[in-house]
Amino acid sequence: GDVLDDYVRTDGVWILTRNKQFYKTNNEAECAEKCEAERHFNCRAFLFTRKKLECLTLAENAKMTVMFNSMDTVLYEKKIYLLQCKKGIGKDYRGTEAKTWKGIPCQNWAEKTPHNPNYTPEKYPSAGLDENYCRNPDGDENGPWCYTTDPATRFDYCNIPECETQCMQCNGEDYHGEVSRTETGLECQRWDAQEPHAHGFTLKHFPGKDLRMNYCRNPDGELRPWCFTASPTKRWEYCNIPRCTTRSPVSGLGSQCLSGKGEDYRGRLAVTESGNACQHWNTQFPHKHGWIPDRYPCKGLEENYCRNPDGEKRPWCYTINSSVRWEYCAIPHCDRTEQGTVGMSNVAMQVPLPEECYQGKGQTYRGTTSITASGKKCQAWNSMFPHRHEKTPDIFPNADLRNNYCRNPDGRNSPWCFTTDPSIIWEYCHLRRCDDHTQE
């Protein structure tokens, strides 16, 4: 096949990079050959300028550095370095996972402490032993692994999900298949097209979401993969992708202690830090909520155990106290030596609410809803298309303007967003105000 088939193309962008090499080539294909043959570093991407016919091979891709507009330039990124899943035993895995399944950070492959490695970048230059990323240089049948930063554990395996091509795990965030029709049979619109529906879901703004061709994807945390449709009368629709029969490794493994934000915590603590018992996730009393176990099969929402399904600071739960909607849980830290530094005094008291409701005018809302009251998808805050605006993360650094999540950076009546519909600049979001008794 064409050498360019192994790359994801993005028009009109440039990325800042430390390691690069300049070449004179006639076209993109020749530039790709230079990238494949690069010996100064692992070539993850290349830039090609149409006017000057210049070729820059790059050690970084858009996931690793800053990207900005450049009209005459085309960026090509190797797909293998964008995928965060493995095929088979993961010998070709080149993702950026850098901790073991227990949450222990990986040791840099080039370092010799705390463990003296047998596998180094010098000995295995084609094994992709970059930084401290999980890799499988020896073809271990258990998949990618790394040397750990724990002196008592020389190495351990990493929790890398399987790249299932025709089915989806969890909510399909890692689905990379080629289904390109919606559940009602409509053909999907290409992600790099703006007709018949203009939108902000582009490779530039969602570089790690594999928005290729017109394949169904889930870049924004929806219930399952979706796409804009090729029908002018139907803006977007879910795709009918079967759930994988093999169980996701994420749901099978999990930490029994707090590592990072505790999103992989699967312990059985069911009491909040103030002593309130947790409400069962599959019940709606005393607090109604949207975290229903059947809708989020890989979030570990079992019984009434403390969990972190939405990227909060640490695991939490709804409480059985009708006057206290939810609270954090006091999970012991995996690194006992750091346990003292994870005290409750370090946690900001203005805790943001989960995504299904907001308090006051919603200026502290930090959920992941990205749908307006009329059902339109939100435009990414760092995007200027289809609507140019000044509500950017740089101008409002404390407003948490991430992705295309509903927010209220400027004190309107409730959380809102710019829409991906060119005819509607902005709308309030599909959210309700929390109960008056919700804890501040």
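Cβ from N, Cα, C; glycine included.
The disulfide entry in TrEMBL for Cys317 points, among Cys257, Cys278, Cys357, to Cys278.
Compared over the disulfide-bonded residues Cys227, Cys244, Cys278, the count of CB atoms lying within 10 A of a residue's CB peaks at Cys227. At the 8 Å Cβ cutoff, the domain 'Kringle' (356-434) and the domain 'Kringle' (84-163) share fewer than 3 close pairs (sequence separation 6 or more) and do not count as touching. With DSSP classes pooled into helix, strand and coil, the tally for the domain 'Kringle' (166-244) is 0 helix, 13 strand, 66 coil. DSSP states for the domain 'Apple' (1-80), grouped as helix (H, G, I), strand (E, B) and coil, give 16 helix, 36 strand, 28 coil. Note on the domain 'Kringle' (256-334): DSSP counts are 0 helix, 14 strand, 65 coil. It is 18 Å from the Cα atom of Cys188 (disulfide bond) to that of Cys167 (disulfide bond). Other Cβ atoms within 10 Å of the Cβ of Cys239 (disulfide bond) number 24 in total over all chains.
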